[in-house]
Amino acid sequence: MSAPIDPSTTQAWQELTNLAESFQADLAGWFEKQPDRAEQLSFTAAHLRVDLSKNLVTTPVLEALARLAAQTKVEARRDAMFTGEHINTTEDRAVLHTALRRPREDKLEVDGQDVSADVSAVLAQVYDFAERVRAGEWLGVTGKPISTVVNIGIGGSDLGPAMVYEALLPYVKPGLQCRFVSNIDPTDLCEKVKDLDPETTLFIVASKTFTTLETLTNARAARSWLLDQLAARGIWEGKDSAAQLSEQDSRQAVSKHFVAVSTNLEAVAEFGIDPDNAFGFWNWVGGRYSVDSAVGTALAVAIGKEGFSDFLAGMHAMDEHFRTAPLSENVPLLMGLINVWYRNFLHAPTHAVLPYSQYLHRFPAYLQQLTMESNGKAVRWDGEVVTYDTGEIFWGEPGTNGQHAFYQLIHQGTQMIPADFIAFANPTWPLKDGDNDQHELFLGNFFAQTQALAFGKTADQVRAEGTPESIVPARVFPGNKPSTSIMAPRLTPSVLGELIALYEHITFVQGVVWGINSFDQWGVELGKQLAKALTPAIAGDQEVLKQQDPSTKALIDYYHANREN
Ligand code: F6P
């Protein structure tokens with residue numbers, strides 16, 4: 001594996017530093033001088049139209065960014081990813097989420113594994129299961145068909161499926177619903193199951209490692225809930241609680257109401273889930289890149305084989321664009337490089353993602369794991385500490401809600417916040433009130449926001465509206481606030497797949513430029529270890545309590561003093 005390049009030692013980095021020093025943002029002027037700027041900087045990637053023209057970039061900046069990509073060997077590393085080199089260096093693994101959506105006939109062998117054959121075998125298993133549930137052929141222990149699927153998982157085993165489910169609600173089979181339990185806070189599971197019928201509920205326990213505390217704890221609690229509820233209904237004669245059930249009774253019920261998704265099929269069997277009801281995947285799929293693996297089983301049930309295949313096809317279409325489009329038209333490459341420009345040269349600490357689609361309300365949360373768990377690193381893949389900023393904070397909410405909450409800061413605050421706006425030409429629900437088309441009102445806001453951000457409003461314009469001089473400054477919009485507009489005809493499974501893959505590749509590009517391994521997540525380990533180590537103190541172990549730092553000890557003491565039972 002080639003050594004990472006310190007980007008700050010490249011010539012392009014120096015050029016960008018120089019450009020940033022004398023940089024004067026002037027979106028209005030740039031559009032005036034170059035009337036075809038919008039056309040020149042708008043691109044098509046699969047079904048997405050991406051307008052980069054309202055970004056704070058000029059031709060010299062874009063050219064220097066292209067040189068930065070060349071000097072940090074982004075394209076070579078992209079090719080290494082697609083062909084299965086072990087670019088996840090700290091875990092010595094290939095990174096092959098793109099193989100999950102390759103057409104079946106597209107052969108790929110990596111490390112002696114026939115990846116294409118394995119992927120299509122598991123997919124066939126997932127589809128078979130999904131179709132049986134959808135057709136009412138998969139029956140619960142009392143012979144009733146399944147109407148609710150509860151996915152238990154966390155991080156990548158939750159955020160992707162939960163986000164996609166919400167986004168594709170119109171494609172969900174009527175009569176079926178999915179719920180998603182992730183938090184170890186008992187509230188999550190209890191609230192999600194409290195109105196469910198155990199006879200028609202099926203749990204999917206999704207965990208890449210099958211060792212995650214939250215997921216295994218929730219899965220055990222769900223199993224107890226299921227058995228207690230079934231027993232209370234008297235389905236086993238003379239036994240009205242889980243405690244009275246024989247091993248065989250429990251196994252029989254669990255086999256009808258629990259399936260699992262994991263790379264660790266041994267642990268699945270140990271948990272008591274029938275290996276025939278387990279769907280595997282491989283350690284070359286990172287958790288946050290796994291929604292298109294068997295981790296998407298709940299989705300395959302919800303939207304069916306056709307919907308899920310379209311979703312995968314959309315991802316593949318974006319992969320192909322990323323893999324083959326020249327740099328000057330390669331949308332993930334351009335967006336990733338522009339993000340580097342903002343992060344390292346214009347010093348933007350955060351990046352907003354603002355979908356104008358209520359269906360995408362979980363998209364920013366999903367992106368937070370994708371981007372921040374991937375690029376929140378301070379050492380390069382050879383262990384050298386970086387001397388420049390890396391991963392920005394991603395955040396957002398759907399428009400127009402965000403407009404009435406935090407857009408004030410984007411428009412008039414002191415920080416520059418690059419923002420991606422996402423919208424669809426066609427509504428799922430065409431609502432009209434007289435002449436008012438509600439979707440047009442919605443899109444009006446989408447178009448207006450990027451316009452306001454880019455071009456602002458001068459003091460003279462404010463005065464011309466008759467504003468008293470004393471409040472003119474407060475009503476000025478400085479403009480030159482960068483945004484990208486992403487549009488597609490409609491939010492379909494395939495378009496959603498394209499969007500997800502777009503952001504996966506943007507994240508990848510940034511990681512390569514920074515020389516970091518975007519595919520490990522060691523930063524989540526310490527908290528897990530400490531939680532395990534100090535839990536006995538919470539349960540009253542004085543020795544362990546004494547070992548805690550004064551602040552933590554005092555907090556645990558507060559807990560003991562205030563816990564009611
Ligand atoms: O703790 C972080 C993490 O490892 C994520 O990367 C992952 O998506 C999540 O936990 C869940 O892990 P698993 O799927 O193994 O339960």
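Placed from the backbone N, Cα and C atoms, the Cβ positions cover glycine too.
Where the annotation comes from TrEMBL, it is an automatic prediction and has not been curated.
What TrEMBL lists as active site, proton donor is Glu373. Summarising the annotation, TrEMBL assigns active site to His404, Lys528.
Here the features listed in TrEMBL are placed on the structure.
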| residue | record | DSSP class |
| --- | --- | --- |
| Glu373 | active site, proton donor | helix |
| His404 | active site | helix |
| Lys528 | active site | helix |
Neighbourhood of Lys528 (active site), C-beta criterion under 8 angstroms, separation at least six:
Leu213
Most Cβ neighbours inside 10 Å, all chains, among the active-site residues Glu373, His404:
Glu373
Could you state the whole-number distance in Å separating the C-alpha atoms of His404 (active site) and the residue listed as 'active site, proton donor'?
29
